[in-house]
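**Q** Take this structure first; my questions come after.
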Amino acid sequence: MEKSYKENKDFFNEVSTYDDKKNRIIVITSGKGGVGKTTATANIGMSIARLGYKVALIDADIGLRNLDLLLGLENRILYTAMDILEGQCRLDQALVRDKRWKNLSLLAISKNRQKYNVTQKNMQNLVNSLSSLGYQFILLDCPAGIDVGFINAICSADEAIIVTTPEITAIRDGDRVAGLLEANGIYNVKLLVNRIRPDMIKNNDMMSVSDVQEMLGIPLLGAIPEDNQVLIATNRGEPLVLKKKLTLSGIAFENAARRLIGKQDYFIDLNTPYKGMFQKLQEFFLGSN
Ligand code: ADP
Ligand code: MG
């Protein structure tokens, strides 16, 4: 037993030679905190898993784990990547499988801010190890800010999703992050605009999705409306996309996930009146009767 932990630790610290780039390693980032990164990671990850792919979600937040709560897996996390690094457990022990979709796994990097001494190489090896386990999508939920946790998360990714709300502060931070991503060689970047309020856009009290997109100049992955169901889903530990009767935000997340995997190329129009659009969407997804 001791030995296998030791071997595992060595593997984690070694330079991995694994180079199968068929899978996609995507960092979900923002600059500004509280704009919806964790919500997006949980919902997009769950959607992709439901489409049949093997998905790993990495909670790269330091000391502030959240992704486990959104997925209702908070009681199942016994180990984090820090424990692997310290030789306390193996990777498979730290990987928590979702209760509902077994092809979805969650890995937390660290529970403890004081104990965080993960290096870029550690992160890269971790992601390589997950790749060699056959994970087709690895989504990294980035910590807020642009310090060590952020750098560690982006250095192991090939692509990025920048999440922003239609507020100037969030957009400015998103723009800064876009620059940092480019400086780190990540050119495949997509934009997710969250917490849209069509009523406010209509009254010119909120920037429209296309305004935000034009300001940032990043291709749009999706636009998610403001929706109380997001909070309800968080409290229940059940991502929106799992609801039997999808809400508009659930549909929007599912659309974003489909677009990410190249299965959809149209957008929900969040500028049309809410009711009419919601009905149209329901008809489209659930049949018109
Ligand atoms: P981050 O990971 O970027 O810090 P979170 O995903 O934790 O952001 O979201 C921050 C807060 O905003 C949470 O309370 C969440 O429930 C809420 N929230 C996120 N997206 C929406 C939305 N589309 N509608 C309503 N509330 C939202
Ligand atoms: Mg978060």
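Heads up, the Cβ atoms here are built off N, Cα and C, so glycines get one too.
Unlike curated records, TrEMBL annotations are generated automatically.
Straight out of TrEMBL:
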type	residues	note
DOMAIN	26-240	domain 'CobQ/CobB/MinD/ParA nucleotide binding'
BINDING	Lys32, Gly33, Gly34, Val35, Gly36, Lys37, Thr38, Thr39	ATP binding site
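For the listed features, I'd like the structural context: burial, neighbours, distances.
**A** Within 10 Å of the C-beta of Gly36 (ATP binding site) we count 22 further C-beta atoms, all protein chains included.
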**Q** Between Lys32, Lys37, which of the binding-site residues has its C-beta surrounded by the fewest other C-beta atoms within 10 Å?
**A** Lys32
**Q** Should we count any of the binding-site residues Lys37, Thr38, Thr39 as near ligand 2, judged by a CB under 6 A from one of its atoms, and which?
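**A** From Lys37, Thr38, Thr39, counting a Cβ under 6 Å from ligand 2 as near, the near ones are Lys37, Thr38.
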**Q** Taking the Cβ of Val35 (ATP binding site) as centre, how many other Cβ atoms lie within 10 Å?
**A** 26
